[in-house]
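Here is the structure we will look at.
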Amino acid sequence: KCLFFYCLRSRESAEGGKVIVEVDGKVAKVRNVKVDSRLDNTWDSREKTVAFSFDYCYWSVDPEDPKYASQEMVFQDLGTSVLSGAFRGYNICLFAYGQTGSGKTYTMMGTPASVGLTPRICEVLFLFHLYLLKQICFSCFLEIYNERVRDLLKQSDQKKPYTLRVREHPETGPYVQGLTQHLVTDYKQVVELLEEGIAKRITAATHIHNASSRSHAIFTIHYTQAILENNLPSEIASKINLVDLAGSERADPSYCKDRITEGANINKSLVTLGIVISTLAQNSQMFSSCQSINTITSEGDSSHADSPSTSSVSGTRRPAYIPYRDSILTWLLKDSLGGNSKTIMVATISPASSSYNETMSTLRYASNAKNIINKPRVNEDANVKLIRELREEIDRLKTMLMSFELRNSSPSWSDDRDGNLTELVLQNEMKVCMKYLML
């Protein structure tokens, strides 16, 4: 999880906004404006400065500042992590969260003069694609607007808007029915798809930002590699989700009805995202504490381990329900948030004093997300995985056979055990042969 600080917007500068945030290594410190604003705060017990620690903190307020973090620096830290996981067959999710106008789209997409994470990741991905020809890439691009899913890469009649349905597969998880997937073979094609999708995204002027994104956008790359493992042809697949969320903001009475509806739906989905993150964090902490209790208990006497007090403590701790389906966004990101995925959250904030409340809310979001423990696994061919496991079992049994033959201390017992082990080895070798025939 990482944190970005971007420069003061023109509106904030005009209003006399002051920088209230500073970075000290991997720690972000925010000055409490509510305490500072009091003339006499001698008896105020609240902290004047609140600190949050993250894996990375990037200062992008002033390009002349020695601590300034460029897009290239961010890519070297985060983009390379995304690519490393994808090449090894893991699902990856990178999403940007923050206040409207805090730099989410700039971080994810960038500008022609300062390219963001998404194009940079795709460029390096296809550099490897040129050298490793046994790869296939499909891309899709969708947006969630007013809790409805729209395909950004599908030609449609603007007079007849359409929405796509979200379904859930029992094994692969949530997916969008009817979403188009485009085969891409080089970086140029990816850029064209990105530009096409970005041009179709719904934006509007708000009191904070002149071109605010009014929808959540998810650009997905399905990346499959053909490999040779144990002299067998195999495949490993990864799904890369690059997510640009709409910004949270307060409703303005001067907005028209459409803007108010948009804002309400954006805030609803972001609130649900916050609840999901908070619940996942609580469940992860509970799981860790239960493991610690079980470890301590197992080290004690069996009488203590079987005591009623211990069983009652473990029995009352059940994971809390996670409301993924309360929002289309959290439903689609179900696996990324709490399942089979390596996930990076980018929190973007404004360092201005006028954005204090939104900044603290974003930092608490990100701080909660740090506690989530996912269980990513390599997406590989099931048959090849089984053959590998059977071969490992055969090697283990053969090693045991050799050790028993070397001992040979009691012939009758050794002969019986050798016979059983030999039978197990033969059974496993037969299973391997059957799987070979199935491939």
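First residue shown is number 1, and so on along the chain.
Just so you know, glycine gets a Cβ as well, placed from its N, Cα and C.
TrEMBL: automatically predicted annotations, no manual curation.
If you check TrEMBL, you get these features:
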- 32-372: domain 'Kinesin motor' (DOMAIN)
- GLY98, GLN99, THR100, GLY101, SER102, GLY103, LYS104, THR105: ATP binding site (BINDING)
- 297-318: region 'Disordered' (REGION)
- 305-314: compositional bias 'Low complexity' (COMPBIAS)
For the binding-site residues GLY98, GLY103, work out the Cβ neighbour count at 10 Å and name the residue with the minimum. GLY103
Could you tell me which of these binding-site residues, GLN99, SER102, has the fewest other Cβ atoms within 10 Å of its Cβ? GLN99
Of THR100, GLY101, which of the binding-site residues has the most Cβ neighbours inside 10 Å? GLY101
For the domain 'Kinesin motor' (32-372), what's the model's average pLDDT? 81
